[in-house]
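Dumping what TrEMBL says about this protein:
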- 67-151: coiled coil (COILED)
- 44-58: compositional bias 'Polar residues' (COMPBIAS)
- 156-172: compositional bias 'Polar residues' (COMPBIAS)
- 185-197: compositional bias 'Low complexity' (COMPBIAS)
- 65-149: domain 'GDP/GTP exchange factor Sec2 N-terminal' (DOMAIN)
- 1-58: region 'Disordered' (REGION)
- 156-197: region 'Disordered' (REGION)
Amino acid sequence: SQVSFEEEGQNPPAVGHWKPLMPSKGDKEEPESGCQDAGGVHEPQSTEQLNVSRLRSSSVEIREKGSEFLRDELHKAQKELKLKDKECERLSKVREQLEQELEELTASLFEEAHKMVREANTKQAAAEKQLREARGKIDMLQAEVTALKTLVITSTPSSPNRELHPQLQSPSKAGFRKGHGRNKSTSSAMVSAASQSVAPEPVSRECKEVDSILFAEFQAWRESPTLDKSCSFLDRIYREDVGPCLDFTKQELSELVRVAVEQNTLTIEPVASQTVPVGKVAAEECGGPKKCALSGLPRTCKHRIMLGDSGSYYYISPSCRARITAVCNFFTYIRYIQQGLVRQDVELMYWEVMRLRREMSLAKLGFYPSEM
């Protein structure tokens, strides 16, 4: 640059040193030239140093700003991580709560299912039991209907079938059969008690008149038939007929006989005169072929009774048998009415009941057929 300035005839500008306006006396040219030379040499170095220092200061500033930015970003990331941790913790608690509720719900569902299964099994067992009982009742009713049909076909009030009514057989034909055949108390029911189409036996030269009170009581009972003694119809019959008819000398045994008749568990069977008493009770208590167990009187006993399944037999006289049979006939007939097996007119059924009551009245007074 100095060369270019010299060629143009101009002096180069002074750079890098100060010139005094009034130089002192002792000053010389050498120092000026020395200073001039020194200024020219150090000027590039100071510029570079300045640039380096500037670069250093800018880099430091950039580093500081970068560090500050990174710190801010780090703080933000840490805050976000804390929030994420809290959210994860909350979600974890929600998941645990849901899992616990799910386990409780599953346990309750299983318990409810087991409970329903147990209830269903109980109901099924009860239904099966009821079904078996119903089938047993149906079989029993079918057997009774068959027996009634047989009675209607083979027997009439004017000419009863003596094979179906052992109590009507003569003593010579009513011998003790092999195997000791037993006849329940219902087997001696009369044909007119079960027949649907055969009218009761007409009584010659006898006038009948319906008693309004008795007929009203029977009609009320017929609308809702029951064996409960509290109804006025059966209460009257118990007081006037059944009670006196089954009132024997041996009171304790009489009560047992009455209960067995009501429950239809009394068995009457014929016996031979030489038969020895068999049973759990002593012979003196059961009577014998020559002593009645109900009256306690010496009588020829052709029949014996058993109460339920006790296995104890009691010998009874013909009079006692007639009284028991009359009561059994009455209970058999009202049971048939209760079961719907008798489909006669109400008045006809009423007169049949009155006939059975008359039989009980005659029996309790001591009248009985000679065949007994």
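Easy rule for this one: first residue shown is 1, then count along the chain.
In case you wondered, yes, glycine gets a Cβ from its N, Cα and C as well.
Could you give the neighbours, burial and distances for every feature on this list?
DSSP states for the compositional bias 'Polar residues' (44-58), grouped as helix (H, G, I), strand (E, B) and coil, give 15 helix, 0 strand, 0 coil.
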Can you count helix, strand and coil residues in the domain 'GDP/GTP exchange factor Sec2 N-terminal' (65-149) using DSSP?
85 helix, 0 strand, 0 coil
